[in-house]
Structures are given as C-alpha cells and as structure tokens.
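Read through the structure below, which is laid out as structure tokens, and then see the notes.
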C-alpha cells in the first residue's frame, strides 16, 4: 500500500524549492530501486514497526519484528547456559575431546589400566581454569551491559519529552540529547541549539579519534522542528540501507509532506559518540541496539595464528599417529605373547575364555590410555600463560613509553608474540608513521613563480605577523616577498590563491576566548587554512550554504552551492561558490596527477608549475595543485539538476555522484601549487638501518608522488647510495621479461651481489611481485588503501612470508588487518589504526625494540619451552614402552597412579614455564647491537620437525636410561638390611625419582638467564615431589583411602637404601653426561651466533678497561654536537681530523697530558652491569 502511494507521490515530486523537469525519469528509477529498500522508519509511530511486513521468522512459525530493541547484549552466558555452553565451546578443541574419550575408555573395566582420576583431575583443572577466566570476562560484560542499558535520556512520548532508560527506546522515537550526553542509538539529526542545526560530536568510543567532528541536520528539519509540538507532529518516513558495519557510509531518503530529501552520513549521530559544544539536539532513532553500526562492528575479527601454532598442531597430530602405531605394535606383541606363553602358564589364567586376538584388541586400547601423556594435556594452557606474560612485558617496557603523550606500548593480543621474532617483510605507511604528520606550509608556486625558502640555509628572520590580529603565532614563513605581494593587493593570482585556500575545505571553526580554533579532517587541510589565515584570508564561519572569510580588512560571505568532497579515489575536492556579485566559480585542489588531466588547454603556467612541483618533491615536500573554473548560471543549473538526481539515488549513490562530479571538474585554470613539510620522526633512519641488518625487507606504501617518496626513502635510510634503483616505468616496458610467471624462478631478476631497490606505482606491483621480493627496499607510490592491502596479500600468498604492517591512519586499517601482524601508531590521524592493530605504540622507532628484543626473546623462549616440553613427556611416557617388554605387553603401568597424575601438573611444569617467560640468550642491549641475531627466527631454525625429532630421540634415550639402569640394579640385589628391594613398587619409586631429577636438572642446563625465581622453581619442584610422595605413601592416608593409595611405606623403605640412591645418581649422571658434553662442544667448537656476539661483547668490554686518570702523549677534543636527527659531524670532530695538528710541545707537560673522561653509563648499562 505504501509503495503504491510513494509511486503516486513521485509524479509531482519537488526537490528543494525548484520543480524539476526530470521528475518522471527519477520516479521510474525509484520504482526500480524501491524494492531494494527494505528498512523503513516512521517517526513517532511505534505500531507501524510491528506490522506483519516487518516481521521475520525466528524459529519454526514464531516471528518477531526485525527492528531490534535498544537493549544491548554483549555477554555470552547466563546462570542457566554458562556450564553447558562453556563446556561445549571448550570441547570444540580437539585435545579436550581426546582426553574426554580417554576418560570414557578408563571407565570400561576390561581395558582400563589406569584409574579414571589420572585423566579426570588434569582435565578438570584445565577446563576449570579456562572456565573461570571466561566467567570473569563475562561478568565484566554483564556489568557493562547493565550500566549502558540503564542510562537515562529524554524520549518524546504522548506529545511531551519523558525520561526513559536506553533499553526502552525504540526505532522511530524522537529523543532529546544535551551537552556531554552519549548518543543512545543511531539517530537522524533533526535540529540543535546551534545555527543551521550544527552539532559537534566526539567519536572516541567509535573510532578512537579525539578531535571533534561536526554533523548537520537538513535545512527543512532545522527550520520546522525546533519546538516540542512540531516534533510531536513530525511524521516523516525514512527509507535507508539495511543495518551494516560501514562507519564511513550511510545512504537514505526522507519522505515528508510529499517531498524527498537525501540523507547521508553527515546527517547521522551514531551510537557511541558524545555530544560536545552543543547545548541540546533532537534526533530520530533509525537503528537501535544490535542494529547500530557500533554493534555491527563488534563482531569477531579474523583470527590470526602464528607459524609455531600451526607447526605445534601438526606435531601433536604426529604424536597421536605415533601413539596409534606404538599401541598397535604392542597390542600385536601381546597377541603373540599370550598365544605363545600366556595360554601355557597356569598361574596367568584369569578365568576368562577370551581369544588372543581379542585380548590384543583390549591391549591396544589399554596402551592408548597408558601412553596418553605423549599428547600433553597442559601444553595449550602453558602456551597461553607464557604468551600472556610476554604481552605484559611489552606493556611494561618503559623504553617503549612515549612520555610526551603519556603513551605506553600496548600488546592488544596475546597470541602472536613469538611471531614478532620471525618477521621477513615490514610494510609501512609514510605519512604519520615514518613522518610526524605535523604539517607546515613551507613553499608554494603562484602563476609560475615560486615562493618560500628553507630556514636551515637562510639567515632571514621569519615573517612578523603582528599586522594580522587573526594570525596563528606558531606559523612560520621565511619569504617576505610573498607577504608584501599579498598585502599590496596588486597580484590577482596571489589573492585568488589564498582565497581558494580559505574557501575550498571542510574545516570547522570554533571561536574560543577570542581565538579561532580550526577542526580539520586532516593535518594537510588544517595547515593550508592556517596558511591562508596568516596571509590575511581568514576563514571565520560556515553554515549549511554559506562561508564567511575575512579578505585582508574586508569580511565577505559566499553562498556555497555544492561541495564535492575528497575521497581516496578522486584525490581532489572542489567547492562551487556564488560570489556577492553573482558570479559562480568552482575552486578545486588535488593531486597533480588528477588535476593536470582536467586542465583547460588555455591554462597558463603548466610547465613552470610542473617544474616547481618536481623541485618540491625532491625536497620531500607534499604537494597539491590549486585551480578554478568560472561557470555560467545556465551550465550550473543543468549540472545541478543532474547532481540532485544523483543525490537521491538509492542504488550506488557514490558512483553516481562521482560521475556527476566528473562532468563539472574539467577545463580548469591552474593557479599554482602548495608544498607542505612533514618531518621525519626521531630515530626513523636508525630503526630502518637496524631492521635492514636483520634481513627484514622494508616496503613503504604511500600515496605521494614518486619523487617525494624517493627522497623520503633516502632521508630515512631506506634507500642508500650503494643500492641500484629500479623504476617501475622502466621494467614495465618489457613485460615478457619481468611479468610474474613468465620467468624461471631459479633465475634471479638482478644477477650479481649488488643491493637493489624498486620504486613502483601501486597498480603495477601485481606483475612484479617476484622481482620486488628480491629487492632490499621497495617504495610503492600513488597507492590507495585497497592497493596497500593487496600488496600485503600478494607477498603473503606468493612468498609464504611472515609480514608486518605498520600505520597510523584509517587508510592503513585494511593493510594492518591483512598482514600476519598489524602495528598501529597513535599519531595525529586518530586511533582507528590502533584499534585495528595487534600491537600499538607512539613512535616508529619503537618497532626495532618490539622485533629485535621482545619478538626475538618471545620466539626463543617459546621454541625452548616447546622442545623441552615434548622431551620431558617423551622421557616420561616411553618408560612404559620399555616396561611392556617385561610385562607381556599387558598394558601394565610403570609408575604409581598419582605420580602420573601430578607429573605435568606439579613436578615438572614450573621450571619450564619460567624458561618460557624469562629466559634470555643475550640481553636487550646486545639484541639491538647485533641485529643479525634475529635471522634464526626468520629461518625457523629453533623449532621445526628436525628439533621435534631431536627431542623425541632425546626422550627415547633418557627413557631407556631411566628404565634399564634401575632394572639392572634391581636384578639379583640384596639390600643393606638383608632384604631384596627388587619389588615393582620400589622400582617405580626409583625410576620416578630419577626422572624428576633428570628433567629438572636438564632444564637447569638449558636455562641461559638465571634468576632467583628459576632457582626456586627447580628446587621447589623437586621438594614438592618428595613431599607429596612421602605423604601419599604414608600409612595414615592408606587407612582413610585403602583402595586409592596402595604404595604404603614404599618410598621410606626404598629410599633408605644407599644402594638405590647410588642407582638414582648413576641414572641421572648417565642421562645428563651427553648433554653436558654436547653443550661444551657447542660453546667451544660450534658456537651459535648468539655465543659469538656475547664473546665479542666481552672482548670489547675488556678492551675498554678504564685506564688511569691521566695519560701522556694524547690530546683531547670533546664535541658539543650532542643531539641530531641525522648523522652529523660528531665522528669527524671527535677524531681530531678536522683540526690542524699542533707542533709537538717541548716546554711543558700540559700539551702531552690528557684527562680521560669516564664513560657515562645509561640506566640500562648499570642494570646489566649489576
């Protein structure tokens, strides 16, 4: 019914105040697209949204409204669902299902060889720890949900505003918000206390950005919806897109009093924002609760998994396969043994008439239970604990703390730490990541003449702006001639240049304490408007359709007819203004590549401006071209009709608008170009140089032109003089030789040993990925955000490399999410990059510490932990295997039940866990000093299948020793008291004691960095073992639980025999002797890279032994050049080569005596000296 009415209404459609001749064609287009618009909101009409056409099926025939209520639910569990749902989620993990299956097998009497509690207790502890963590997290979510849902706001009900909770708000309600209120739902802004219904919002909770943004209501709602009774009579119908997670896009239409009005994102107030600098505002609820954009963005991000994770899973599968094979072999052995021996031994008859084959089948399942500890149940929990600790170390690192902005480093994930030690490619944004993103207007070219000079090479004083009361006193400009030219008002081009800068922008101005505060969407735009302000063209205010500026001493207001906004595809923005004298002019600014394509053939100064642009780019300045176009009233009217038609298009409105923009942005007249400086951050060249020494390839992805990017590359040490530079346009001409897939992979693109670098336009890189990967450095110019992500995907896909992306802005989010590890820099462009990242900090220079110190340590620690964890479980479990040869393959266990239960939980877990948390092969200073130490992580040499099988064979060897030496010692043995301690239980105690000593001493030998905690853990684990063993072997506990604790008095009886202590010592010694020998040979004959660097450091320290306070025969020079952004002349000055040699002194001792200053130690040096 409503659709038919809309189609009838379209026949007499009015837009604004002018009747359009294209109305019928628009109505036909609306008929085609109306069926696609299914989200309809009617103001002040709750029953409308309950109509059957807006119902959706929930379950079977049960339906409910598709419009969500405003109550949000981020929690996962309630009192009833917590236990079943949490267990269901945990048993999605294969390891937990495996141990549950083992527990079920242990309940079956015929195959159970171990009591059920040996598996149940570890499984319950693992599940319990995880469940408690999930419960704590979910309780926090419950508290947060209740706090948010019970917030108060004013809702228009029954003709007047009433206070209501957020949870009671519904779609179609009109709400009133006041200053500093949070926005409860996604609202259409109707009116506000500010002129033209302007409303300032803070979007920190939405996208992390703290700078204020403005939203503006439609003119019609601003004029007609100010009073309560007007709002109560408001009955417009909103048609818009379905709820989605696009924070940067909204397309809709408002139908009110037979007229249609286009809606876009600037008209919306999104949930999660906060009202600022606005006394009150009114809004219509469009999306509520779970349909809001912030809630739609709350979904799970792509789960990133490290290489070690994947390898670890494959190794667990390998262990499981070995378990099946070993159990099957022992089951076959039991079948033949029972047939050959068991059936003939009368004393083995158990009264059962089972065949040998069936007994072998039962034995197979028995060995699956006995050998289950080959698959470690506590492995995954231990790994998570280690990762959590390593993440905390990153958060607590004061050397990655940026005091200027009070910003510490932040590990936003706990699953990727060891991957930081394996990075092969770093993809970096330039602006704000390598540079400071603090823009300063430095130079310009106007009508073919360049202005501006570099203060570093000029002794000219900066311009005095005292003549301009609106000037920003922080702004510096060195060229007095341009100021004199503008103030003279004789050069029309210069006046037009700065008038364009003061008008062609989206900056909002705030008047505060008599000063102008500009709120700009980007630092570039803010710098340009500030420059115009200082040169006398001051932007004062704007409304929906006017802009007011002060031109020198005269205030002028221009009518804004259209604003053609900037986006990453257009790379330009334009504004169409109507001058006070009636003229219509389009101002445009944008990248030179898009502006030059649209210049009129009659435009002047194209060649001289291009020359100036190249000079600016060579000085690493960011450039924009400025141009204009005069438009006749007839031309604008015709274009305006097409523009309004595109504005009300519901199907792909952005593409329609871009096409209309193209029709007017042509035949432009060039005025000039601006050049903005963006300085490098501190420490960027040193960081890039160190990462390059670590064989990390660095690619810079930027939207700048090639010359700018190349010069930035040299200034930040990405490009060096010994590199051979290749350009994309050169190799592009020979596609058969360079295109990926047309060249043999064995043949390199760049023969020889020279270093190579590639500078290429983003669109071409798909064809040259193999060639680019052979280069030490790559710079991709003119790339869009989507192309940045595509470049990362190409390298991941075709090179199988571990990648890291680092950026600071919203345009870097795709790249950050695509890489294996994303790093966000909290800079000038807000916090969107940080909120999408895995790790975050404030300065690019901290990347070297994140990778070369924390990443390398995390990788080494995790590798050492996994190698030892697998070893200790093999050494423990395979003792059962050797024992089976002497027990008729009957699934008999070697150790006591409780020892098996507590081995991984209490007796051997803490020392290896601390090694995974605290171990260091070299300290952080050496890790940074010798970047080559990072290379083993890239090559994956510390943990792979070779290391896995070494751990397996080491475990086999130790298990052999643990079983056969006590076995030999117990054969035909007489104790000190005349008794033979050769019973099974005494053997189990001796073997278990030997195992505990071996694994704890083995981890001691593998520990590189000793602390009190490590020492306490090793000694404590051994003490816990003996303490628990004597307790559970006591007579008292046996009396209470006679069937559970059966080793009564065994430990006290066995361990009072010196002979058995000698057996334990012999077993431990033989097990550890090969390890000690191998480590000795490794340190002396085959030292690792870390050992070599450590020895080198010790040698350097010896060479730097402090001499006596005075030495003869030397002169002293001290350089006062203490701090520099780039390498200066300190080495030359300190060496004395820049000074003339003075003749040798003959007269006095002063010339030949030199005071040797003591080397000043940093805090870090003192700590490591201690």
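Using N, Cα and C of the backbone, Cβ positions are placed for all residues, glycine too.
Note: TrEMBL annotation is automatic and uncurated.
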Which range of 22-44, 45-67, 68-90, 114-136 is transmembrane segment, per TrEMBL: 114-136
Which listed span TrEMBL calls transmembrane segment, if the choices are 898-918, 919-939, 1087-1107: 898-918
314-338, 389-413, 439-463 - the range that TrEMBL marks as transmembrane segment: 314-338
Feature transmembrane segment in TrEMBL, mapped to one of the ranges 948-972, 1123-1147: 948-972
Cβ-Cβ under 8 Å with the transmembrane segment (948-972): same-chain residues at least 6 beyond its ends: 315, 318, 867-868, 870-879, 881-883, 886, 894, 981-982, 986-987, 990-991, 994-995, 998, 1059-1060, 1063, 1066-1067, 1070-1071, 1074
Cβ pairs under 8 Å between the transmembrane segment (898-918) and the transmembrane segment (1015-1041), at least three: yes
Helix-strand-coil residue split for the domain 'P-type ATPase A' (149-210), DSSP-based: 11 helix, 30 strand, 21 coil
Tally of DSSP helical, extended and coil residues in the domain 'P-type ATPase N-terminal' (42-120): 34 helix, 10 strand, 35 coil
Close approaches to the transmembrane segment (91-108) from elsewhere in its chain (Cβ under 8 angstroms; 6 or more beyond its ends): 114-116, 118-120, 122-123, 126-127, 316, 320, 365, 368-369, 372, 375, 377, 379-380
Rounded Cα separation (Å) that holds between residue 429 (active site, 4-aspartylphosphate intermediate) and residue 808 (Mg(2+) binding site): 8
For the domain 'P-type ATPase N-terminal' (42-120), mean pLDDT (0 to 100): 83
Close in space, distant in sequence - residue 812 (Mg(2+) binding site), Cβ under 8 Å, 6 or more apart: 429, 433, 785, 788, 805, 806, 824, 833
Residues from the same chain, set at least six apart from the ends of the transmembrane segment (865-886), whose C-beta lies under 8 A from its own: 308, 312, 315, 319, 326, 330, 333, 367, 370-371, 373-374, 376, 379, 382-383, 386, 892-895, 903-904, 908, 912-913, 915-916, 943, 947-948, 950-952, 954-956, 958-960, 962-964, 967, 991, 995, 998-999, 1002-1003, 1006
